[in-house]
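TrEMBL lists B:Val20, B:Gln21, B:Gly22, B:Arg35, B:Ser86 with the feature substrate binding site. If you look up TrEMBL, you'll see B:Cys39, B:Cys43, B:Cys46 marked as [4Fe-4S] cluster binding site. Positions annotated as S-adenosyl-L-methionine binding site by TrEMBL: B:Trp45, B:Cys46, B:Asp47, B:Gly88, B:Ser132, B:Pro133, B:Lys134. What TrEMBL lists as Mg(2+) binding site is B:Ser48. The feature domain 'Radical SAM core' is assigned by TrEMBL to B:26-242.
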2 protein chains.
Amino acid sequence: MSKEALGRRIPVLEVFGPTVQGEGMVIGQKTMFVRTAGCDYSCSWCDSAFTWDGSGKQDIRMITASEVWEELRQVGGSTFSHVTLSGGNPALLPQLGELIDLLHAEGVKVALETQGSRWQDWFHRIDDLTLSPKPPSSGMTTDWDVLDEIVGKLRSEGRSYSLKVVIFDEADLRYATSVHHRYPGVTFYLQAGNDDVKEQDSSVLLRRLMDRYLWLVDTAMSSEELKDVRVLPQLHAWLWGNKRGV
Amino acid sequence: MSKEALGRRIPVLEVFGPTVQGEGMVIGQKTMFVRTAGCDYSCSWCDSAFTWDGSGKQDIRMITASEVWEELRQVGGSTFSHVTLSGGNPALLPQLGELIDLLHAEGVKVALETQGSRWQDWFHRIDDLTLSPKPPSSGMTTDWDVLDEIVGKLRSEGRSYSLKVVIFDEADLRYATSVHHRYPGVTFYLQAGNDDVKEQDSSVLLRRLMDRYLWLVDTAMSSEELKDVRVLPQLHAWLWGNKRGV
């Protein structure tokens with residue numbers, strides 16, 4: 001295969017669904033998931049570390065946009081009209097533009113979440129776009145120049161998008177507050193983080209996640225700095241625990 | 001007091017918050033609630049029957065829009081910029097227009113949910129509007145002419161709004177499917193109903209509500225007729241059970 005042909009292929013780790021989107025701006029949305037491999041970050045609490053830590057390497061398939069669409073059809077039949085591109089960080093992949101156009105041509109809407117560390121021109125064609133910069137507990141450092149530039153490009157096109165910050169502690173909440181104030185008027189989500197991605201007993205995990213969510217709700221409700229915010233859990237983790245592929 | 005002055009007053013049952021909106025298009029939103037008295041419906045499973053069955057009658061206060069605003073400030077301080085008008089059916093009250101304008105003047109957004117049985121011109125000024133026609137299990141009958149007219153008016157103004165149907169059983173789901181197809185292109189929510197508004201043990205209720213939600217998710221996910229839908233629980237009932245004022 002030529003280098004060009006290979007470059008158009010997408011590193012796919014998982015195709016699953018339909019299921020409900022468990023978080024953020026389209027929480028509850030019936031959607032299929034396409035999970036791509038590779039990330040420029042390595043968040044300490046990443047719930048999909050197999051996309052970048054080498055442990056899922058043998059499951060990566062380099063496939064074309066058409067092959068992704070065929071697989072979506074095979075797995076989801078005719079039950080869906082919404083696809084979520086997840087990672088990893090799908091924003092590393094310029095070749096996703098072809099898949100997005102193909103999905104649109106099939107009448108399918110496309111959602112994407114990314115940390116906002118890389119720009120792709122196809123961001124303009126995402127129906128439900130979430131920028132989710134990572135707070136201090138992740139161990140990552142936000143490049144504000146890059147994030148400002150991405151937000152600026154989206155704003156100049158009048159594109160609707162949302163911001164989301166995952167919260168584990170007080171320092172994360174201060175970071176989130178600064179993000180909220182830096183980009184005023186953008187729909188802003190606070191999400192209670194899952195601080196135990198290994199727990200296999202889903203009822204134990206549920207109690208823990210609900211407590212963390214209630215803490216975040218209480219804290220955000222009493223804040224005068226966080227007025228126009230939406231505070232959400234990860235619904236899928238409440239329902240299915242740390243299981244993959246749901 | 002003159003009849004006109006009295007007519008401008010709002011029958012208020014509760015003012016509480018800030019808390020998270022537990023359902024629908026702005027799930028998770030930090031919001032204050034103003035609950036008005038009176039409903040033209042009497043749904044079998046209503047979780048706020050005290051607004052219309054006479055049991056809350058002694059708590060109704062006839063207050064002006066300014067007094068509602070004062071009370072919101074007293075209860076919520078400077079922590080909020082979003083208010084949800086809830087009922088009963090607030091669409092029975094033409095005088096709410098004054099409150100909506102006052103809230104907007106204070107920089108506060110306004111959400112409303114109504115069954116779509118009555119029109120008010122102030123619907124055009126609601127920021128987050130949900131029409132929630134009631135399925136067969138409610139015991140109510142939808143007046144499709146009225147609902148068509150309301151949807152038509154909203155559409156002609158290019159106003160964004162959403163539809164939501166609460167689901168208790170298969171018949172409700174068939175009803176929801178017909179609503180979804182009658183108004184294509186409108187963001188459509190399926191909500192798992194709470195079939196036990198008396199249960200006081202919140203962990204017993206949680207298990208039950210999660211099971212009902214999972215049933216609804218499974219059913220909706222396998223449906224070819226319900227493609228572009230959002231399936232949500234009542235988050236507040238999961239967290240706080242059947243408690244009022246949260």
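Cβ atoms here come from the backbone N, Cα and C positions, even for glycine.
With a threshold of 8 Å between Cβ atoms, none of the binding-site residues B:Gly22, B:Cys43, B:Asp47, B:Gly88, B:Ser132, B:Pro133 neighbour chain A.
Within 8 A of the CB centroid of the [4Fe-4S] cluster site residues B:Cys39, B:Cys43, B:Cys46, the other residues of that chain are B:Tyr41, B:Ser42, B:Ser48, B:Ala49, B:Thr51, B:Trp52, B:Gly88, B:Lys134, B:Ser138, B:Met140. Scoring each of the binding-site residues (B:Cys39, B:Cys43, B:Cys46) by how many neighbouring Cβ atoms lie within 10 Å, the top position goes to B:Cys39. Of all the binding-site residues listed here (B:Gln21, B:Gly22, B:Ser48), B:Ser48 has the Cα closest to the Cα of B:Pro133 (S-adenosyl-L-methionine binding site). Here the Cα atom of B:Asp47 (S-adenosyl-L-methionine binding site) is found 15 Å from that of B:Gln21 (substrate binding site).
For the pair B:Cys39 ([4Fe-4S] cluster binding site) and B:Ser86 (substrate binding site), the Cα-Cα distance reads 11 Å. Separating the Cα atoms of B:Ser48 (Mg(2+) binding site) and B:Val20 (substrate binding site) is a whole-number distance of 17 Å. Taking a C-beta cut-off of under 8 angstroms and a sequence separation of 6 or more, B:Trp45 (S-adenosyl-L-methionine binding site) has the following same-chain neighbours: B:Ser137, B:Ser138, B:Val166, B:Phe168, B:Gly193, B:Asn194, B:Asp195, B:Val197.
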